[in-house]
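Working notes for the structure below.
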Amino acid sequence: MPSAAARMRTLPVGSVGVRASGWWGMMCLIGTEAALFAYLLFSYYYFAVQFGRSFLPNELPSVRLSGPDTLILILSSVAVWWGERGIRQGSTVRLAIGLLLGSVLGAVFVGIQYLEWLDKPFVLSADSYSSLYFTITGFHMAHVAVGVLILVVLLAWSVLGYFDRVRHAAVSIGAIYWHFVDAVWLAIFFTFYVTPYLGW
Amino acid sequence: MRKLILTLALAAISDPAGAHAGGGRADFSWSLEPWVLASLGAAALAYGIGLARIRAEAGDRIVGGGNVAAFLAGLAVLFTALASPVDTLSDDLFSMHMVQHLLLMLVAAPLMVWSRPFLVFLWALPRSLRRSFGRFPARRGAARALNLLSHPVFVWSAFCGVFAFWHIPGPYGLALRHESVHILEHACFFASGYAFWAVVMSPGGRRRLEYGASVLYVGTAAVLSGLPGALIILTDRPFYPIHAEGAARWGLTALEDQHLAGLIMWIPAGFIYLAAICILFALWMREADRRAAAFARSMPTLAALIACAALLGGCGEGTEASSEAGGIGNVQRGAALISQFGCPACHTIPGIAGADGLVGPPLTKMGRRGYVAGVLRNTPENMTRWIRRPQAIVPGNAMPDMGISEDQARDITAYLYTLR
C-alpha cells in the first residue's frame with residue numbers, strides 16, 4: 001500500500017492538529033485582549049458606582065437594535081462552529097458555507113452597530129458615559145472587523161483547497177478568535193443594555 | 001479602616017444589646033430552619049449508608065479517611081453558613097452576608113468536592129437503581145451533556161458570572177426580600193462553586209484540567225472576582241439601602257458595612273484562591289519531577305532496545321514499534337502488570353500465560369471492539385478509566401477496583417490494544 005505522503009500529489013499546507021505555535025499565539029492574544037476589555041468594562045462600572053443613575057443617559061439604552069444584533073453575532077459563531085465541524089469530517093464545502101455565513105453575519109453586525117451609533121443623541125465627548133460607550137463598542141467593532149477579515153481570508157483559503165480533514169489548524173485558530181470576540185460582545189451587551197435595568 | 005474592623009469585632013464579641021447604636025435589638029440567635037437541617041441530615045445519612053457499603057466491598061481504597069473528613073468538615077461549614085448566627089447576622093449586615101457567600105463558594109464547595117459525594121450517594125441507592133444511575137453518565141447523550149456542562153470554559157464563566165450577578169444591587173435586594181429567591185441565590189453559589197472546584201480537584205485521580213491550566217483557571221477567576229469587591233470599596237454611595245437599618249444595630253453606617261464587605265470579598269477570598277494556586281503549583285512541580293524520574297528509568301530499556309535494533313536489524317525495529325502502541329503505554333510492561341494484578345483469574349486473555357478465567361468476558365480482540373463492558377465507547381481513555389475504576393462505571397459488577405495507577409492502566413491498555 002502506498003504511504004499517505006506518496007499518495008498526495010501536492011504538499012500539504014499547515015500543521016496537523018491545532019496545538020501549532022499559531023494556536024499558542026492566539027491564546028496569548030486572547031489573553032491580552034480579554035484584559036483590555038476587562039479594564040474597559042471595569043472603568044464603566046467604576047463610573048456607574050460613583051454616580052449611580054445620573055451616570056446613565058436620560059433615556060436608557062434600548063435593545064431595539066442591539067438585541068437582534070446580539071442574535072446575529074451568536075448565529076455567526078454557530079455558523080463558524082458548524083463549518084469547522086464540517087472540515088473535521090472532511091467537508092470543505094461545509095467549511096466554506098460556514099465561513100461565508102459567519103463573515104456575512106459579522107459584517108451585518110458591524111452595519112447595525114454603525115446605525116446604532118448614528119442613532120445616539122450624544123457624541124464621543126459629551127460625558128463620561130458617552131466616551132465609554134463609544135470607546136468600548138468602538139474597540140469591539142475594530143475586533144469584529146479584524147475577525148471578519150480573518151474569516152474572509154480563511155474562506156479564500158478553503159476555496160483554494162488548502163484545508164482537509166487533518167490539516168486545518170488555521171481554521172480552528174481563526175474560529176477561536178471569532179468565538180472570543182462574540183463572548184466579549186455578550187459581556188458588553190450585558191454591561192450596557194442589561195445592568196441599567198437591574199437597579200442601582 | 002482599622003476603626004471599622006475594631007467596631008465589628010467588638011460588636012461580635014461584646015454583649016449584643018450593648019453594642020447597638022441605632023434602634024432595634026441586635027439579633028445574635030441561631031436560625032435553625034427545619035428544611036436546612038433536614039437536607040443536611042439527609043445528606044449525612046445517605047453518605048453514611050453509601051460509605052458503609054463501599055467499605056464493605058472495597059475497603060478504604062476508594063473513599064479514604066481524607067474524603068470522609070472533608071465531608072464532615074464540609075457539612076460543618078454548610079451548617080455554619082446556613083444555620084448559625086452567621087445566617088441571622090447576614091440579614092443585618094452586608095459584610096456578614098459576604099462571609100456567608102464565601103463560605104458557600106470557597107470553603108464548603110471544595111470540601112464537598114473532595115468527599116466524592118456523587119460516588120458515595122450512588123452507593124447509598126439499592127443495587128438495581130445504582131446500576132441504572134451508574135450507567136446514566138455513560139449514555140451517549142448524557143455523556144455529551146455532562147461533558148459540555150463540566151467544560152472548564154463554561155464552568156469558569158458560570159462561576160464568575162453567578163458571583164458578579166448576585167451582588168448587583170437589584171438581584172441582591174430581590175433575594176433579601178423573597179425567601180425563595182434567597183434560597184435560589186445560595187443554591188447558585190454552592191452549585192457553581194462545586195462545579196468550579198471539581199474542575200481542578202481530582203479526588204478520584206482523574207483530572208479534568210492539567211495543572212498548568214488549572215493554575216491559570218483559578219488565577220484568572222481570583223482576579224476577576226476581586227473586581228466587584230473593588231467596586232464596592234471604591235464608592236461613597238451605599239448600594240444596599242436594605243442593610244442600613246441592620247448595620248445601624250451594630251454601630252456601623254451602611255457605607256462602612258459595605259466597605260467591609262468589599263474588603264472581605266477581596267482579601268480573605270484572595271487568600272483562599274492564592275492557597276489553591278500554591279497547592280496546584282506544588283502538585284504540578286511534583287508531577288514534573290515524577291515524569292522526569294519515570295523518563296530516566298525508562299532510558300535503560302530504550303537504550304537496550306536500540307542496541308537490540310542495531311544487532312538484529314529488522315527484528316529490533318519490530319519490537320520497538322510495538323512496545324509503544326500508538327503512544328498509549330508500554331506493551332511489555334502492560335503484559336507483566338496484567339499477570340501481577342491477577343486479571344488472568346477472571347479473564348481469558350490471549351498471549352498471557354494461564355489467563356483462562358471465566359468470571360469476566362474473554363478479552364480477545366479487545367483492540368477491535370466498539371464498547372468496553374458494553375457501556376463506554378472503546379477509546380484508550382475509556383479503557384484506562386474502566387481498568388482503574390470499573391466500580392465507578394458499572395457499580396456492583398464483579399470486577400473490583402484494584403488501585404491501579406493511571407500509568408499502569410495505560411500500559412495495560414496498550415497491551416489489550418495489541419489484541420486485534
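The backbone N, Cα and C atoms fix where each Cβ goes, and this holds for glycine too.
TrEMBL lists A:1-197 with the feature domain 'Heme-copper oxidase subunit III family profile'. For A:21-45, A:65-83, A:95-115, A:141-163, A:175-194, the entry in TrEMBL reads transmembrane segment.
Between the transmembrane segment (A:95-115) and the stretches A:21-45, A:65-83, A:141-163, A:175-194, the greatest number of Cβ pairs separated by less than 8 Å involves A:65-83. Among A:21-45, A:65-83, A:175-194, A:175-194 has the largest number of CB pairs under 8 A with the transmembrane segment (A:141-163). This prediction places the mean pLDDT of the domain 'Heme-copper oxidase subunit III family profile' (A:1-197) at 90.
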